[in-house]
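Trainee: Got a structure for you, written out below as structure tokens; questions coming shortly.
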Amino acid sequence: MRWLLLYYALCFSLSKASAHTVELNNMFGQIQSPGYPDSYPSDSEVTWNITVPDGFRIKLYFMHFNLESSYLCEYDYVKVETEDQVLATFCGRETTDTEQTPGQEVVLSPGSFMSITFRSDFSNEERFTGFDAHYMAVDVDECKEREDEELSCDHYCHNYIGGYYCSCRFGYILHTDNRTCRVECSDNLFTQRTGVITSPDFPNPYPKSSECLYTIELEEGFMVNLQFEDIFDIEDHPEVPCPYDYIKIKVGPKVLGPFCGEKAPEPISTQSHSVLILFHSDNSGENRGWRLSYRAAGNECPELQPPVHGKIEPSQAKYFFKDQVLVSCDTGYKVLKDNVEMDTFQIECLKDGTWSNKIPTCKIVDCRAPGELEHGLITFSTRNNLTTYKSEIKYSCQEPYYKMLNNNTGIYTCSAQGVWMNKVLGRSLPTCLPVCGLPKFSRKLMARIFNGRPAQKGTTPWIAMLSHLNGQPFCGGSLLGSSWIVTAAHCLHQSLDPEDPTLRDSDLLSPSDFKIILGKHWRLRSDENEQHLGVKHTTLHPQYDPNTFENDVALVELLESPVLNAFVMPICLPEGPQQEGAMVIVSGWGKQFLQRFPETLMEIEIPIVDHSTCQKAYAPLKKKVTRDMICAGEKEGGKDACAGDSGGPMVTLNRERGQWYLVGTVSWGDDCGKKDRYGVYSYIHHNKDWIQRVTGVRN
């Protein structure tokens, strides 16, 4: 029914000798000759004007065509045309040299309008059925078919049904004409002392319709010099100077240019620190653009000479405003400026052509006086005791009473950093350790002398006397290292209540209650070799038992270190367990068998007794001899430590080294020198780890 209505709307008959025009606005339709499919009338003329929306064109094709033949279509014909152009003229039944039928040919209008005219003359000798044609609107792909440069897209074209639109590459914006792509280049600021400026997209053609502004703004005192490169291509005109695209350079009120064409301008010295470069392009042209480099120039500063033993960086033939120079010195030298030493010093060329400061001098590094070494000496390798770079000194310890730890060379060199350096210790000073167990005065091992004998003065320099402040001695001890005394723990507390034999802090002697005397020989008399020292702190062995005398050992820390000499020297800690039968010497000021105190230091030589033998000797008395104890003495008695000797040293000689080692400290026994009753001593080897942990003493 729909096609029937369309057929009646488009196909109708016309009277003879009449002309008729039909206006068609649909997007598609059908056109037929009058009376189709019957023969068309003579002397007839019909025009169909087809109009579709902009962005479309009209496609026309024939399904049937049968008209009168004539030379060049003089009689009957169908003419297809636009406003100003005939697209085709058809007649006849088939194409010949002088007439053309549409056949399968499709006729396309260039625009949105097409006019189709059918005309028949006054007579037809035969029956001709006319034509049946169809038309439809088809989209125009403007992106492919647009040939007019002023209407085509600069960058990207996007077609859609009935039209198209343009877009631009990244960094560009679309002009108000909706087809031209331009750049936003009006706020380019350059502040570096050198740089390169180009037209947008250089060396590709620069965008159209652009207004670019480049500002070079340097610190006052500089002058901008411009240099265009060889590639220079800006649209120009053979008769009018730069009417289309151009560069202008503005320096203050002065304007240079315009510049265009293919010849680059000569180098330009602006004599200013502020320059504006303007670049204009119109809406046409395909030129490559331009590129220039700029460089800041300033006043020249005088030539520089490096200081003696120094250098300047960078080293240049000429220096200009804002150039900076760093002055440094050779290894072992320091920059000296206004009596201040520094690693480097920087000066700058000022805008008036002068340097910001004078070149400083280079002074040799001075390590100054080396640090004092406790118990040591310093020897300079140079005659004048120089302390400057590469000078050498040697530390040594006060022999024979001190030795250097780890046998260090003690040689230090003044380094480039201004500090004394040792290859092993770096800047740390060496350590002088007390020499132990090597008395200046040697003794002869005594044969079996009953009840001991007076000790030769200076042969026991490690012995210490524990004395009340009133001068009354009460125990002995041994010097360890430079500031510790090892003694018996029972020497440092009062007698305990037999009914409550618990050791309390209140039972302990206060450090202020007693003193230590070193270099002592006479029991009560004094001489010039003695050193009286205060007590800083006391430490009892944590497992000390005052009832059984287990771990009967204590340490006394001195307020100050004694001066080591021929009469004061520490004893060495044992390096291993003591062998049974080895001879030891016990020293002290304790009572003799006549139950009176001696005038001088006494000593006895006795052998070490087997541990099991000692245990059996005390078994009847129900007294334990534990592993932290060691026994010594004669089976027949007569030689033993006694009251007043507690805490005193029991030592032995290492014959290979000639050094004396501490074996034990006097602890307890059954009477003094009694037969089958040996002296019991606190075994130092058993407690060596604890002693070293508290004191830090090493041999």
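Backbone N, Cα and C atoms are what each Cβ position is placed from, and that goes for glycine too.
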Trainee: Looking at Swiss-Prot, which one of CYS367, CYS397, CYS432, CYS436 makes a disulfide with CYS414?
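Mentor: Answer per the record: CYS367.
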Trainee: For CYS301, what is the disulfide-bonded cysteine listed in Swiss-Prot, choosing from CYS242, CYS260, CYS349?
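Mentor: The record-listed partner cysteine is CYS349.
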Trainee: Output, ordered by sequence, the same-chain residues six or more apart from GLU68 (Ca(2+) 1 binding site) with a CB under 8 Å from its CB, or 'none'.
Mentor: TYR75, ASP76, CYS91, GLY92, SER120, ASP121, ASN124, GLU126, PHE128
Trainee: Can you name the far-off residues of the same chain, 6+ from the ends of the domain 'EGF-like' (139-182), with a Cβ under 8 Å from a Cβ of it?
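Mentor: 53-57, 207-210, 283-284.
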Trainee: How many Å lie between the Cα of ASN159 (Ca(2+) 2 binding site) and the Cα of ASN178 (N-linked glycosylation site)?
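Mentor: Rounded to a whole number, the Cα-Cα distance is 14 Å.
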Trainee: When a 10 Å sphere is centred on the Cβ of ASP139 (Ca(2+) 2 binding site), how many other Cβ atoms does it contain?
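Mentor: A count of 14.
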Trainee: Within the domain 'Sushi 1' (299-364), count helix residues (DSSP H, G, I), strand residues (E, B) and coil residues, in that order.
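Mentor: So the counts come to 0 helix, 33 strand, 33 coil.
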Trainee: Say we define neighbours as other CB atoms within 10 Å of the CB. Which of the glycosylation sites ASN178, ASN385, ASN407 has the fewest?
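Mentor: Among the glycosylation sites ASN178, ASN385, ASN407, the lowest count of other Cβ atoms within 10 Å belongs to ASN407.
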Trainee: Of the binding-site residues listed here (TYR160, GLU235, ASP282, SER284), which is spatially closest to ASN385 (N-linked glycosylation site) when Cα positions are compared?
Mentor: GLU235
Trainee: Identify which of the recorded positions ASN49, SER123, ASN159, SER284 has its Cβ surrounded by the largest number of other Cβ atoms within 10 Å, counting every protein chain shown.
Mentor: ASN159
Trainee: Would you mind giving the whole-number mean pLDDT across the domain 'Sushi 1' (299-364)?
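Mentor: Its mean pLDDT is 94.
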